[in-house]
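To start, the structure itself, in C-alpha cells.
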C-alpha cells in the first residue's frame, strides 16, 4: 500500500489496481469547514488532472482533480450527509472516491510522504 | 490553495492580536484581516449562542462637522434619502449614499452624537472599508461647502455580538442599560474613552465599540479574557449577516442598483418619499410609485449544495431570469440559502426558482428573510 500526493493536495492510496482518493489533512485545514461534496459518478473515466469532484466550504468551492487516469469504481456516499468527515478524518472516513488505476506508472510522478511534507512545510 | 496575503496590505490596530489568536489572515477591502480563527462554523455558532469579538476597524469612521446641527443635517439629507432630521441625540440610522441615477454608492450608518458628546453640528458616520475614500470624494464634491468630512483612521472599531454580549459588556460599563438597538453613547471602559453603539451586522444583540487605535488592544484583551467570548473572523461575519438577511455592498447591491430594487426602502425616510430633495430622488421616487422591475429576494435551496454569488437563475425554458449575489450553506439555518435578484412578478414567498451550479439545476424556493430570526434588543417604551 502506497500513498502519493499531488501538488493540489489530493492523496491517492493505492492497493493493487484500486486507488482511494481524498484530500490531505493540510488541505482540509486550509479549506475549513466542508459543507458539501459533489461526488463523481461511479463508472466515470478521468484522465490525470481532470476535475473529478468538488469540495465546498462555507466560503468557497474547490475542485478535486483526478491524481491518476482511470475509472471510478466507488464513491463515499457518507459524505452526502456528513461532508465534515473530510475535516475530522480526511485520510480514512473522509475519502472521496476510488479509482481503478489505468497506468500505475502515473503514481511515480506523484509525491511520497516525505516529499509532500516538504511541499507543505 | 490560496497564497498568503499581499505584503502591502493595511493593518488594523488589532493585527497582532489576530495573529496571536491563530487567525488566518486574508485580504479584505485592502486590509489584512482574519477570515477565521478556529473555524467559520464554530465561530458562527458561538456568535448565535454566546458572544464573539470581531475587528471591524477597516470600516470607515467619518466625523461630519458643520456650523450647526440644522446645516449638517441638511447637507447629509442632500446626499442620502434618510430622515435624519428626526434623529434624537444618540440615535443611529441605516441608509445609503446614492448617485444621480439612484444607484447605491455605499450603505452606511449615521449617528447623532449623544447629548453633550460633541459640539453642535457634528454627526458620525460609518461606511464600508472598500468605499471609504470613494465616499469621501463623493461627499466632499457634492456636499455643502461649509461641511467637513474627516476620516478617523486613528480609531479602531470592535464589535461584540451575540446574546451574551450585553452581560459581558455590563461588567465594564453601565451604559448598556441606556441603549436600545441602534442607539449610541460615550462610556469609559477600563479607563478608556469608548463610543458604544448597540448595533452590528449579525442579526444578534450586540455592540460596536469605537476606540482610539492606541487603546484598542487593551479593550480587545479585556473582552477576549471573558470566558463567554471568542474572537471571530470575516467568514463567520459573512454567514451571520446572510442568515440575518443583511446586504453586503459590492455583492447584494452596487452603483447600478437603486434602494427600491435592493429591498432597502426602509433606508428611505417616509418624509423623504414625499419631499424628495436627495441625490437620485427622481429615479427612486418613480421606482417606488411604479414598483421595481426586479427585486432582491431570499432563496432556500434543496439539499446542501451552496449556490454562490454569480450563479444564474433560470426559468423552465432555461432562460436566465436572475442572478445570485450571496449564498452559502448556512450553519444555523442548516440550509443552502442565498440572496439574489429576480423579476418582481415572481418575487414572492413560495415561488419556485432554479439555479444553475456547474451546469446542474438546483431547485429552490423564494423565502422570507431573515433566514434566522433577528434578536435585536428593543428598549421597553
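Glycine is treated like the rest: Cβ placed from N, Cα and C.
According to TrEMBL, the protein carries these features:
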| type | residues | note |
| --- | --- | --- |
| DOMAIN | A:18-100 | domain 'Lipoyl-binding' |
| MOD_RES | A:59 | N6-lipoyllysine |
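Across the domain 'Lipoyl-binding' (A:18-100), DSSP assigns 15 helix, 35 strand, 33 coil. Sequence-distant contacts of residue A:59 (N6-lipoyllysine), defined by Cβ-Cβ distance under 8 angstroms and a gap of at least six in the same chain, are A:32. The average per-residue pLDDT of the prediction over the domain 'Lipoyl-binding' (A:18-100) is 97, rounded to a whole number.
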